């Protein structure tokens, strides 16, 4: 009798499952997806593993045929798709096919969400054979008991869930491949659009505009320091004057109030004592885990999901992509037993705490929890420190969610002083309850003990402290709060949040600074154009409804191709109109805002333009016929608009107060340096609003305050410049093109040696040859055709020795390093980011041996890393 083949999608998951299955099973990994829609027009070849069984036809030589070839899916012919084995996965597929031929049965044990279902379906389609040979097994946690139960009751592939995943993929493909070329034509090359990503960018853009339109308003608060009859200190805040909320808007009003308060008599009007409770939060779902990891651990969404994936695959937590707060009965019994044994009965509620899941959540799924509550974070020796921290957070939330409420005695004191009312609030913890395992992030102002005073007691004024404040604009999104907003609006699902957050940053429409989102100007322009021409596509409710439609497909409540057809019909109508000229209702181009600045080359006026790389000045003569065209541009150096995280929550308000306001629409203006004598202030709503101002004076680029830098090649001074990739130092000698980077710490990068061509060393992945380059992370070999070929690798010491005479003097010591370790393994040059020094190490079969040598006091010394 042969063995059964079990296929999972990750090697780590395969390793864990293998521990629980006997010798009758062979567990192998597909290493993620094995096939997908083509990345180029190669779909025209229609590979043998296509989902279609029709005879391959020669593609028509028209635009539609070419588009279908590129997309790999044909929305005009019943959504016929052409899947291809992913590059590099041929060997994996071949091995799985060979194992499948020998296997008695094949178990598809990929993840339990739609993505996992789709991977399982692709595996079955590619491997082939009788469908009866395949079984689908799913489990919420990788434990011995869960694995045994899953294999005792295997099921079949859920084709509805597969179709829901395909429908999402096809819609995203259509939008990306059909709208992006329109953006290239109308706005700028290299732009892209996405069905969900563009809506997420809209959220960031709208928040950016709310912030720029916000005008901070001044207001004042007055605190009073008093003492009680027994001499205890009592801090109060003025809340009312003449029974109206106290909110003076300037210093004069505040001083008038202070004068009255200084003469008033203070007495306690009311003391209110009442018990309050604080209930624990629900166990984590994907979005709340991402938010808690951001707030408590400082993790980004991508890092959180990567750590959670590793914990799941190692068997330590349940599946991490879920929107259900449901807990299995076994899990509830387990944690209640743990609470009773370790904290006592007073921490255990009479009945389990229940939490409501949102509408459309997958109740069959569980919340994210530890597989075994008795396993502590410190015992996860095979996990990295960040994974242990995330596990501890999940463990704490799981245990806390089934504990009793925390109990407090809350006190409110109301004090009278003439026409004024003052208040003080305090809270005393009487029973810690769930906070014993999940402490609060920080104590609020109420978490203080108020002195024992009663109604009628007189207080003595010690000091009045007026403080100026300004109203704050809406807070910028963090990764976690953007996920929360997407979830609230029903956009995306647990399995897509992380990819949405990553994609909108990769596209260059937004950026993250100090863990907060900023909209790029091109992101604003693209959002405006898409909103004007694709209202449904950019509509929050429509996007949420489409998510619901996909849920219906997964639940066998809707036919997937009917959903796609309805979407495509509306979409193509909008696309056809958008492709027309603006006069006919088509998409507006990326217009220039003309200025009074003269072109230094031809004298025509320069205009404010926006490209993917940022805002710049371009000559209006660029629109002329080729022979008359002027291509002159002027780089604009943006003022440092990134907020200093150390400034705290007032940073955004302070930045807005410092900005100029557009004379036409009142929006905060963005400021740029044209040259050392001119600064350009551009309306934050540019190019929709053409407001701008030119300021003259003496200016310089912020970013380098060190000593004068001398060019190492010609001896001239180097000055700070701003380019498409940021700030750099450039030689002032026009004949010398030398430049040097500005490092993150603000220092000028040390001089780098010129590349050394090594035509004797051919590249493996192209016809190029290697050159030896000196970079920020030491020397490395790179293709001479960069960026066409991006092949790089570390140089072998024996290679450097071979070409020692070509190396600059500064690098020749590397050629003198040991060429082999004591075991005869070849050595290569590496760079330590910790010490900023180069060293050599050896490898065997692609893995580090642990041997290394370091250059110390003019000689090479062997030593362990």
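Note: Cβ is positioned from N, Cα and C throughout, glycine not excepted.
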Segment assigned the feature zinc finger in Swiss-Prot (from 529-554, 555-580, 633-658, 711-736): 711-736
Feature region 'Interaction with DNA' in Swiss-Prot, mapped to one of the ranges 186-191, 192-197, 198-203, 204-209: 192-197
Cβ-Cβ under 8 Å with the zinc finger (662-689): same-chain residues at least 6 beyond its ends: 209, 211-215, 521, 525, 528, 590-593, 595, 597, 608, 610, 615, 617, 634, 636-639, 641, 656, 695-701, 722
Residues in the zinc finger (599-630) grouped by DSSP into helix, strand and remaining coil: 4 helix, 13 strand, 15 coil
For residue 177 (site 'Interaction with DNA'), nearby residues of its own chain (Cβ under 8 Å, 6 or more apart in sequence): 67, 70, 71
Among 9, 111, 319, which are recorded as recorded positions, the nearest neighbour of residue 33 (site 'Interaction with DNA') by Cα: 9
Which of 33, 507, all recorded sites, has a Cβ with the fewest other Cβ atoms inside 10 Å: 33
Rounded inter-Cα distance in Å - residue 169 (site 'Interaction with DNA'), residue 9 (Mg(2+) binding site): 19
Least buried by Cβ count (within 10 Å) of the recorded sites 168, 169, 321: 169
Among 184, 319, which are recorded positions, the residue with the most C-beta atoms within 10 angstroms of its C-beta: 319
Shortest C-alpha distance to residue 321 (site 'Interaction with DNA') - which of the recorded positions 111, 168, 172: 111
